[in-house]
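Worksheet for the structure shown next.
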Amino acid sequence: MAPAPPPAASFSPAEVQRRLAAGDCWVRCGARLYDLTGFVRHHPGGEQLLRARAGEDVSADLDGPPHRHSANARRWLEQYYVGELQGDPQGSVENGTVASVNTQKTDPLMEPKFKVVDWDKDLVDWRKPLLWQVGHLGEKYDEWVHQPVTRPIRLFHSDLIEALSKTAWYSVPLIWTPLVLYLSWSYYRTFAQGNVRLFASFSTEYSVAMPKSVFPGLFVLGLLLWSLTEYLIHRFLFHMKPPGDSYYLILLHFVLHGQHHKAPFDESRLVFPPVPASLGIAFFYALLQLLLPEAVGGTVFTGGLLGYILYDMTHYYLHFGSPHKGSYLYNMKAHHVKHHFAHQQSGAWVTQWVKRLTSAHGFQPCIRLCANSLEPGHASDSVSVSLPLPHSSSLSLSVSLSLSNINKNIKKIFLLYILLRGAGWLSRLDI
């Protein structure tokens, strides 16, 4: 990031107007000027929303509606501070003059937060690799790592290792998509030969033949398993709170995910680099090959690998894309950016696509817990889930689960879990 002008810098309305005419996006809070030209692509509300406020006082917008911006968002804004506006700070920059308008002054309670970012007084030395410094932050690490900055991060002293820790977004589809296509073709041919059997390693008598028609189902199962895996990794590993007295757990958290929260718009660190990714991919491949027949495990793995590719591409787009306002991806982007700036412990897992899609279509669930055993004359209990279909006031999808014979309802339990996750109920319970 280019160094900001010194705090004493001041700009006349005519000078600000020239910059606006050149296509820059400058806004102000009172007399404080901010150059948001490099941020407009990333704004969760969309580029046009910021462009429409170029040259204006955004103090009222920070306090809402539609929402009050978080302390992290205000701290992020200060990284774009360029100086002070000369003249009456109560006007908007218009045609080279400051036109008097009724704008809200900066909230006096928020004034202490409006200060220039002093990198020399940060808890770490930004001129040195960060990885070996963060472990010494102790109890201060969790607060520090969740205060995002708009500058690139260097992790390692070695130029080679540093290069391997970064990558361009297109490396993910470029490297892994050919592997998905090859494995899909290879395992489908294996199924087509008709000699794939499940449980053959345990018992020849009770083994189950696997026809080629099961290939699509196993592939989709891999996609679903990736969604579950991604959720569990984020929930319990990436978003763990490392103990303040554990240097190595802090280091591990930062290298795995903390770096992304510290610099959420560092383009070179938004997707998983191929070299470390290959280690994780090889682990899951070996695990599935160990637990399942080669063709079955390989097909599930291939579906999961495609899920990973879609996940990384979606994640990159949510940071750098500019979806149309009101669209499905627009809502996802707003939800994910809030995760970085306001609610760091929720909304992390990108593959909550079912939840976001159903919410966007007004898909409201209705759950009925029928404890018939509590009523006189009844001795059974059941759980019934009724989910109205999108754009329909009369049609609904219902699942009834008898709790008296749990072994015969494994499929229904799994379906019930998917429906509840999709409707957002388990997310509300933080499960």
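Using the three backbone atoms N, Cα and C, a Cβ is placed for every residue, glycine included.
Since this is a predicted model, take the numbers as computed values, not measurements.
Checked against TrEMBL, the range among 235-255, 298-318 recorded as transmembrane segment is 298-318.
The average per-residue pLDDT of the prediction over the domain 'Cytochrome b5 heme-binding' (8-86) is 81, rounded to a whole number. Here the transmembrane segment (298-318) has Cβ contacts under 8 Å with residues 169, 172-173, 176-177, 179-180, 183-184, 186-188, 191, 215, 218-223, 225-227, 229-230, 270-272, 281, 284-285, 288-289, 292, 329, 332-333, 336-337, 350-351 of the same chain, all six or more residues outside its ends.
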